[in-house]
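Heads up: the structure comes next, in structure tokens.
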């Protein structure tokens, strides 16, 4: 087992290659920063912690109070928000304390707890991001087979499996490597993951915890974006056809109305209800046991198009002209057919808008993850392979960027989803009124 590494003559550098910032403690007996630096670091890190805690609490409360946000996709975001909240409450503050003190001022048991929580929560966040990307990809590519088993219960099982897998992978390994023969290897005044002091272990953990998930997420999003673009193009083509159909029906009704006014008052336009029938609410209602449509579940415009939006043919027009009836309800049925076309177009437009919002949100959180996690993991690989001495300021900045990701995620939800944004504002206004 690798022993705790020695400090370099330069206290501002770490020679130990690790993938966890808690594995690069300040190896000094006193605070390595000046008073001005301590104040600045404390202000910045405390502000980040407050922003992270506030933002993720807003996400959790928003999903709880707004029923429109209680979707399967947002349940995954809820799990991610819980992980980010733990990072803001525990990881950020303990790391700041350790950083400013220059040594670990708490008990060894609290050190081990922090290391376990930090790695388990980070691992769960990565797995949740993978689940979010995969869920959206399956919604787009398998809109009929995937929704049949996509439910809140299945989402809960997937979320639970992500957290359990992260705990099983990290907790035993970290706790076992902290001691050797019943004696603690890591000094009491330091707190780092002894397991990650080995270059081989560093590479072995960096690849599956960052690089592989990042590649998978980028690949899934690329395919998701291509599928979304194809669906959008198909929708635009269909939208043009629907507009032509609606215009055709409208013009035809106007012509027939003019013909009726100028013709015998006893004659009336007759519309064959089998061809142009208004939607029957009772017929379209689903029983509780019916499976929900893909549009309702995944937010994608799927399913057969109603016949009400078909363009009337010349034979239909001839039939309209030759057939008459004294019942004016048939003419109203034609108007209902036109309204049905407009309603169908509005539903498709809303579904496309929902799809684009979800896709934008996924893109934002995936980009935030890659941008904030890349610097530290690149440093870890360089230190492990090249045995290069990395300045402590780079280690600390790189790992704090990983923490910053937890503060950015709620901003991504608010910027990309208007429902989240409005709910956030409502909750903040409510809290402001109560404080006043």
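Using the three backbone atoms N, Cα and C, a Cβ is placed for every residue, glycine included.
Note that the structure is predicted; figures quoted are calculated from it, not measured.
The compositional bias 'Basic and acidic residues' annotation in TrEMBL covers 312-332.
Annotated domain 'G-protein coupled receptors family 1 profile' per TrEMBL: 55-413, in sequence order.
Per TrEMBL, region 'Disordered' is recorded for 271-343.
Annotation comment: TrEMBL describes 38-63 (among others) as transmembrane segment. Within its own chain, the transmembrane segment (38-63) is flanked in space by residues 31, 69-70, 74-75, 77-78, 81-82, 84-85, 87-89, 92-93, 95-96, 99-100, 400, 403-404, 406-407, 409-411, 413, 420, 423-424, 427-428, which lie at least six positions past its ends and keep a Cβ under 8 Å from the stretch.
The transmembrane segment annotation in TrEMBL covers 75-101 (among others).
Among the features that TrEMBL reports, transmembrane segment is placed at 113-134 (among others). Under 8 Å from some Cβ of the transmembrane segment (113-134) lie the Cβ atoms of residues 20, 22, 73, 76-77, 79-80, 83-84, 86-87, 90-91, 94, 158-159, 162-163, 165-167, 169-171, 174-175, 178, 191-193, 209-210, 213, 216-217, 220-221, 224, 362, 365-366, 369, 402, 405-406, all in the same chain and six or more residues away from its ends.
Nonlocal intrachain contacts for the transmembrane segment (155-175), taken as residues 6+ away from its ends with a CB within less than 8 angstroms of a stretch CB, comprise 72, 75-76, 79, 112, 115-116, 119-121, 123-124, 127-128, 131, 193, 195. Positions annotated as transmembrane segment by TrEMBL: 155-175 (among others).
Annotated transmembrane segment per TrEMBL: 195-221 (among others), in sequence order.
What TrEMBL records for 357-374 (among others) is transmembrane segment.
Confidence over the domain 'G-protein coupled receptors family 1 profile' (55-413), given as mean pLDDT on the 0 to 100 scale, stands at 77.
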